[in-house]
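Participant: Take this structure first; my questions come after.
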There are 2 protein chains.
Amino acid sequence: MKGTVGELGEFGLIRELTSRLTTTPAVRVGPGDDAAVVAAPDRRVVASTDILLENRHFRRDWSTAYDVGRKAAAQNLADIAAMGAVPTALLLGLVVPAELPASWPSELMDGLRDECQVAGAAVVGGDVVRGDTITVAITALGDLRNHEPVTRAGAQPGDVVAVTGWLGWSAAGYAVLSRGFRSPRAFVEAHRRPEPPYHAGPAAAGLGATAMCDVSDGLIADLGHIAEASKVRIDIKSGKVDVPSQMNDIGQAVGVDPLQWVLTGGEDHAIVATFPPDVKLPARWKVIGEVLNPSALPQVTVDGAPWTSKGGWDHFGDDPATGGGQAGTGGSGGLGGFGGEIES
Amino acid sequence: MKGTVGELGEFGLIRELTSRLTTTPAVRVGPGDDAAVVAAPDRRVVASTDILLENRHFRRDWSTAYDVGRKAAAQNLADIAAMGAVPTALLLGLVVPAELPASWPSELMDGLRDECQVAGAAVVGGDVVRGDTITVAITALGDLRNHEPVTRAGAQPGDVVAVTGWLGWSAAGYAVLSRGFRSPRAFVEAHRRPEPPYHAGPAAAGLGATAMCDVSDGLIADLGHIAEASKVRIDIKSGKVDVPSQMNDIGQAVGVDPLQWVLTGGEDHAIVATFPPDVKLPARWKVIGEVLNPSALPQVTVDGAPWTSKGGWDHFGDDPATGGGQAGTGGSGGLGGFGGEIES
C-alpha cells in the first residue's frame, strides 16, 4: 500500500479494505450491499458500539495501525463476551484524512480482522469518509447460544467475585510508555494489544454467573458498575489479587504501587463476574472477593475499607496520568458510553 | 437543557440522553450494560453502519440537531429496509466538543428516537466521547421475518424496475438552500428530513423482488450498483418518472432541469427494486424501467442512451454543486461505504 488515502481514492480504498477481509459461516451477506446479514441462531443479537479518536484513544507514535485495529476490535468484542455471548461480527465506521498514508487504514483493517478471528467473528461491513481526525467507530455483534444475557444487575449478597484474564498490564505498559520507555516489552505489548478472554464470557454464563462485565475502566470502577446496578457492596480481598513479580519491578522503577495498576488499571479487558458461592470455577478464574449487603461504605471496598489511592478513571480529566491507559483509551477520557458500559 | 456538554459532564450527558429514549418489545437489554440485546426472531440479523461529520454531511446552520438525528437514523434504517428487513434497533457513537450546547446532543437523540419510532425500532445503546468535530456514527439492525435478504445482485434481464418513495426532493431542497433561500418549505423539509418508505422494503421482499437498494446516491447511481452487482443493463424510461409540478417551478427559478434532480439526486432514500415482469405491485410503486442484457452501453441508460447531464455524486469532489445533498450528506462526499452501499 503506497501513497495516501486521497491518492488511492474512494473506490480504491474500499476495494483495498474489503480485499483484506475473511469470512465465517455466520456471515450470510458480507460487505458490498446496503447492509450485512449475520446469523443469530439464538433469536437474539447482542450489540455494542464504541468510538475512538486519534490522540484521545490512541496515538500513532505509540501504536501501529495494526495494533489500533486489534485493540479497537478487542474492546468491543470483549463487551459482547461480557454479556455471555459469542462474538459474531464487527462493523467499522472510519474517518480518515486524505493525506493519511493508505497503509494506515489497510493495516487497521488487518488488525480488526485478526482480532475478530481470535474471537470467532468477522468484519462484515463499514463506512469510510474523509475528515480531519482519524476516528474509528466500531459496532460488535454476538450470539447468546441460549444463555440468558448476564447483565450487571444480578449480583446477590453471598456471591463470590471472580476474575479471569489480565489485570493492570495495560496500565503498567502505559506507565512505561508515558515515561518515554519502550520496555519491558510484555507490558508495552499488553497496552498496545489487550488479550480479552473471550471464551470466558459465555463459559461464565453457562456456570451461572449472576452479574458480569469486562474490565475496561479498572477493576474497582467496573465492579462499581456491578455494585450500583445490583444494589450491593463488593469487597475485594487484596491478598487474593495476584500482582505479577515483573510488575513489582516496574512499580519500583517508576514509583507506583503495582497493586494500584491491578485494582484501577483499565483496558486489559479481563472479565469479572459474580457467582453463587457454591460455583466450581475453571482453573483460570480467580476468586478475589465477595458480594455483601449495601452499607454506608463505598460500593466497592478493598479489605473492607475504601480504596484510598487514585482509583479508576477520572472521566473528566483530559489526560489520565496513572492507573489507566493512553489518552483515555478504551474505557476512558471521553464522555462515556451507554448501552455499553460507561465508556465501554 | 442549558449549558454546554462540558458543563453537563459525562454522567449528566449520558443520563440526559438515555432519559429521552423509548423502547420496544424487541429490546431485551437496553442502554446501561456492556452491550444491548435485541430480538432477532428470524435467526439472522441485518446490520449497516454510517458515519456522518459536521460540515461534510450536515450543517448546523441548515439543519437542527433534531433534523440531523432524524436524517442520520433514516439513512441507516433505510439500508435495513432495502435488504427486505424490518428495522429493530439503532446504536449511536457520538463525538461532541465540550463547548457544544448540551441541547444539541439531546435534540439529536430526540430525532434518532423519533425516526426509530417511525420505523418500529429503538435506540438501544451508544458511546459518547469528546472531540473537535461533531461525528455521528450510526449502526442500524433489522430482522428479515423469514424473507431472504434482497441484495443488489439478483436482477434478471426481463425484470421490471420499480421505485417507491420520494425522488429528487432532497436535491431540490439543497438547490434552494445553497442559493440562500429557505423555501419552498416542502423541499427544504425534504432535504432536512427524508421520509424513507420503510414498510416497502419488506413488502418488496414478499413480492419477490430480485434486487433492491435505497436511493441514497441518486437513482442512476444506485441502479448502477444493482446493474453492476447483477451484471445487467438497466434502462430508465424518462416518461415514466414523475416530476412533481412544484419541482418544475423551482427548476425554472434556479435554472436546473428538475428531471436531473429526480434521476441523480440522492438522500431521499426512496426504495428501488427489480421484480419479475408479472409482478403485481401495490399502488405506491411505479414501474420506471426494465432490466436488459449487458451491452456496450453504460450499465444504466435513460431512454436507451447514456444520461449526459451530471449524474449521481462526484464522490471525489469536496462540495457537490448540484444533483445531490448538502456537503456530501448521506450517500456522498466521503470515501464511501462497504457492506452498506458505496456511501450508504
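Cβ coordinates are placed from backbone N, Cα and C, and glycine is handled just like the others.
Just lifted these from TrEMBL, have a look:
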{"type": "BINDING", "residues": "B:Thr49, B:Asp50, B:Asp127", "note": "Mg(2+) 1 binding site"}
{"type": "BINDING", "residues": "B:Gly126, B:Asp127, B:Arg152, B:Ser216", "note": "ATP binding site"}
{"type": "DOMAIN", "residues": "B:156-248", "note": "domain 'PurM-like C-terminal'"}
{"type": "BINDING", "residues": "B:Asp217", "note": "Mg(2+) 5 binding site"}
{"type": "REGION", "residues": "B:315-344", "note": "region 'Disordered'"}
{"type": "COMPBIAS", "residues": "B:322-344", "note": "compositional bias 'Gly residues'"}
Participant: In whole Å, how far is B:Asp50 (Mg(2+) 1 binding site) from B:Ser216 (ATP binding site) when you measure between their Cα atoms?
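Facilitator: B:Asp50 (Mg(2+) 1 binding site) has its Cα 12 Å from the Cα of B:Ser216 (ATP binding site).
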Participant: May I ask which of the binding-site residues B:Gly126, B:Arg152, B:Asp217 is closest to B:Thr49 (Mg(2+) 1 binding site) if we compare their C-alpha atoms?
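Facilitator: Closest by Cα distance to B:Thr49 (Mg(2+) 1 binding site) among the binding-site residues B:Gly126, B:Arg152, B:Asp217: B:Gly126.
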Participant: Cβ under 8 Å from chain A: which of the binding-site residues B:Thr49, B:Asp50, B:Arg152, B:Asp217 qualify?
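Facilitator: Qualifying residues, whose Cβ lies under 8 Å from chain A: B:Thr49, B:Asp50, B:Arg152.
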Participant: Whole-number Å distance between the CA of B:Asp50 (Mg(2+) 1 binding site) and the CA of B:Arg152 (ATP binding site)?
Facilitator: 19
Participant: What are the sequence-distant neighbours of B:Gly126 (ATP binding site), meaning same chain, six or more residues apart, C-beta distance under 8 angstroms?
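Facilitator: Residues satisfying the criterion: B:Leu17, B:Pro31, B:Leu91, B:Leu92, B:Gly93, B:Leu94.
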Participant: Rounded to the nearest angstrom, how far is the Cα of B:Asp127 (Mg(2+) 1 binding site) from the Cα of the residue listed as 'Mg(2+) 5 binding site'?
Facilitator: 28
Participant: Could you give me three numbers for the domain 'PurM-like C-terminal' (B:156-248), the DSSP helix, strand and coil residue counts?
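Facilitator: Its residues divide into 44 helix, 14 strand, 35 coil.
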Participant: Round to a whole number and give the Cα-to-Cα distance in Å for the pair B:Asp127 (Mg(2+) 1 binding site) and B:Arg152 (ATP binding site).
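Facilitator: Between the Cα atoms of B:Asp127 (Mg(2+) 1 binding site) and B:Arg152 (ATP binding site), the distance comes to 32 Å.
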Participant: Average the per-residue pLDDT over the domain 'PurM-like C-terminal' (B:156-248) and send me the rounded value.
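Facilitator: Summing pLDDT over the domain 'PurM-like C-terminal' (B:156-248) and dividing by its length gives 95.
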Participant: How many neighbouring Cβ atoms, not counting its own, are there within 10 Å of the Cβ of B:Asp217 (Mg(2+) 5 binding site)?
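Facilitator: The Cβ of B:Asp217 (Mg(2+) 5 binding site) has 30 Cβ neighbours within 10 Å.
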